[in-house]
Amino acid sequence: DRQTLVAVLQFLRRSNLRESEEILRREARLLGDDLGAAALSPTGTGLLGTAGGDADSAGENALLSRVTAAATVVIGGTAAAVASSSPGVAAVAAVPPGKGVVEDQPDVSAVLSAYNQQGDPTLYEEYYSGLKHFIECSLDCHRAELSQLFYPLFVHMYLELVYNQHESEAKSFFERFHGDQECYYQDDLRVLSSLTKKEHMKGNETMLDFRTSKFVLRISRDSYQLLKRHLQEKQNNQIWNIVQEHLYIDIFDGMPRSKQQIDAMVGSLAGEAKREANKAKVFFGLLKEPEFDVPLDDEDEEGENEEGKPKKKKPKKDSVGSKSKKQDPNAPPQNRIPLPELKDSDKLDKVMNMKEAARRVRLGPECLPSICFYTFLNAYQGLTAVDITDDSSMIVGGFADSTVRVWSVTPKKLRSVKTAADLSLIDKESDDVLERIMDEKTASELKILYGHSGPVYGTSFSPDRNYLLSCSEDGTVRLWSLQTFTCLVGYKGHNYPVWDTQFSPYGYYFVSGGHDRVARLWATDHYQPLRIFAGHLADVTCTRFHPNSNYIATGSADRTVRLWDVLNGNCVRIFTGHKGPIHSLAFSPNGRFLATGATDGRVLLWDIGHGLMVGELKGHTDTIYALRFSRDGEILASGSMDNTVRLWDAVKAFEDLETDDFTTATGHINLPENSQDLLLGTYMTKSTPVVHLHFTRRNLLLAAGAYSSQ
């Protein structure tokens with residue numbers, strides 16, 4: 001009741017326990033003004049209830065004596081005054097051990113700015129080791145969760161010491177505790193150790209991120225209460241301030257997570273994703289195929305009936321999906337974003353695609369694909385990017401000497417269109433007009449495209465094979481014509497190197513990502529980007545369109561993968577779990593899953609609809625630069641710097657997933673201990689790192705890389 005509360009508050013004020021008084025007020029949601037001006041007079045003499053204070057003073061004294069009696073309970077060497085005369089309100093006033101009377105402590109909780117408040121620099125090690133001791137001695141179920149605090153607190157306490165120019169204390173703090181941090185933070189700690197002066201902090205991007213973005217920890221309510229109680233009892237304000245100022249604690253109700261569950265999800269620059277970040281609805285289904293009549297050759301009769309309808313060019317569809325005429329319930333509305341109209345040549349291509357698909361090999365654990373490896377020999381220019389057209393007729397390489405080289409991999413040579421004067425002589429009505437416009441004199445197996453002024457880091461063919469994109473260290477993305485083999489446009493938007501670019505599966509749109517930490521969405525006929533996707537805390541290293549073209553996935557050096565909505569530019573998914581920069585992304589043909597590969601040698605599998613990690617494939621020993629699903633989605637191929645291609649059983653990896661509401665709500669993922677039973681095969685090259693993988697329309701796997709002679 002109110003009277004008891006006032007009496008307790010008074011007692012706390014008399015004993016100079018300001019902090020506890022503040023905490024109690026906050027807990028009871030009472031501010032000084034609410035209590036009435038008379039309730040707590042500054043001198044500490046209480047006027048309770050009515051104006052005639054004497055009438056109540058006897059009751060008040062009785063209460064106070066009860067409170068004082070309670071103050072003698074000693075808990076673990078700390079005298080705690082606990083007044084629990086009113087149910088539900090317990091005020092805990094902690095007195096440091098060894099002191100009978102508490103001196104008036106300065107109110108540290110008034111945080112002026114990020115790192116301005118001055119804790120006693122000599123005590124930082126004591127604070128940290130105190131917390132460390134507390135966490136290591138807590139119950140096993142809480143220890144794993146609370147251990148997540150070590151790293152962010154270590155960084156912020158170190159930065160606070162550096163910022164306030166206590167350089168020697170900062171150095172000894174770093175040396176004493178940096179060995180305790182998880183192994184996957186070693187690279188960040190190396191950057192941190194080089195920051196020893198306040199001036200260093202100003203220009204350092206990594207630290208800027210650490211200070212401006214809150215580090216996210218996901219902790220169960222029980223573990224959080226334990227921590228809060230400990231810090232308040234110990235009056236460990238310095239740590240409590242950092243927790244409130246720089247950390248975002250996402251509290252969930254339920255069982256605490258195990259060490260394995262936490263380890264699977266942490267490791268990014270800003271901790272885990274908030275659960276809110278993965279709640280938005282995502283339309284991961286595929287768009288309905290346009291319908292048109294297919295002229296049938298006699299020998300293709302059976303193949304046609306089997307397949308039932310034209311297959312699509314770029315997004316590789318699940319063959320079951322292509323039979324059904326119904327709209328996928330998870331698909332976006334057909335007109336959600338404007339997509340280009342189908343040209344006649346596109347329709348012809350679809351017919352071809354469909355005939356090929358009818359002869360496609362059904363892959364599985366019993367029927368693995370053949371792998372054809374394209375090795376770039378003597379690539380002393382330094383091969384930095386590869387792409388293969390959807391119909392597997394051309395291959396492009398981007399090189400460190402700033403050239404883009406296009407090869408024909410079929411007997412058909414690459415030819416340019418004739419000059420304008422020659423074109424005017426052609427009979428435009430003839431059937432073979434498309435053949436006649438090509439100039440035979442220009443036929444060759446290889447075309448070299450000059451234009452960039454730095455290494456070419458990404459290349460991408462348009463689905464109709466008329467255009468080619470390339471992006472470079474020079475900050476531009478270039479669009480090349482494959483009819484004339486000349487550069488049509490240079491898109492300037494990034495100010496720094498552009499690491500990756502990719503055409504939409506429908507053509508027209510493309511995405512690029514670079515060192516400036518943003519991804520940009522472009523259309524070929526606009527020289528300004530249509531959307532800018534900002535949110536990553538480090539370079540955007542790879543970009544991929546979802547098969548329905550409504551979403552874009554980006555992987556970054558901040559060790560997170562984000563999914564962006566093309567329509568409004570919002571970030572709709574944040575996936576954390578990789579322990580190194582991400583270098584490859586692949587969507588499953590049915591649009592439901594995403595596979596990601598990174599420098600940590602792990603492939604992680606994600607359920608896009610639920611926003612959950614559903615698998616982890618371990619086996620590679622180096623960076624994974626290439627990931628690709630087979631055309632029907634049964635097999636996932638991964639290629640790595642460890643000179644191997646590995647094949648994984650995608651059907652088995654995604655079957656009977658646990659995606660119940662509880663898992664979704666708390667992120668308690670249960671990954672199988674061993675991914676070896678999903679590994680279908682490992683194929684070594686002699687000494688060629690794998691930089692690109694591609695399944696042909698008949699499910700032959702093409703791989704590419706440059707032979708390295710070391």
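Placement of Cβ uses the backbone N, Cα and C atoms for every residue, glycine included.
Per TrEMBL, the features are as follows:
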| type | residues | note |
| --- | --- | --- |
| DOMAIN | 119-247 | domain 'TFIID subunit TAF5 NTD2' |
| COMPBIAS | 294-305 | compositional bias 'Acidic residues' |
| REGION | 294-346 | region 'Disordered' |
| COMPBIAS | 317-328 | compositional bias 'Basic and acidic residues' |
| REPEAT | 376-417 | repeat 'WD' |
| REPEAT | 449-484 | repeat 'WD' |
| REPEAT | 491-522 | repeat 'WD' |
| REPEAT | 533-574 | repeat 'WD' |
| REPEAT | 575-608 | repeat 'WD' |
| REPEAT | 617-649 | repeat 'WD' |
Q | Highest-contact recorded stretch vs the repeat 'WD' (376-417), from 449-484, 491-522, 533-574, 575-608, 617-649, CB pairs under 8 Å | A | 449-484
Q. Under the DSSP assignment, what numbers of helix, strand and coil residues are found in the repeat 'WD' (575-608)?
A. 0 helix, 20 strand, 14 coil
Q.
What residues elsewhere in the chain lie close to the repeat 'WD' (617-649), defined as a C-beta under 8 angstroms and at least 6 residues from its ends?
A. 316, 318-319, 357, 360, 362-365, 368-369, 371, 373, 580, 583-590, 595-599, 601-605, 675-676, 678-695, 697, 699, 701, 703, 705
**Q.** Secondary structure tally of the repeat 'WD' (491-522) (DSSP, helix then strand then coil)
**A.** 0 helix, 19 strand, 13 coil
Q. In the repeat 'WD' (617-649), how many residues does DSSP assign to helix, to strand and to coil?
A. 0 helix, 20 strand, 13 coil
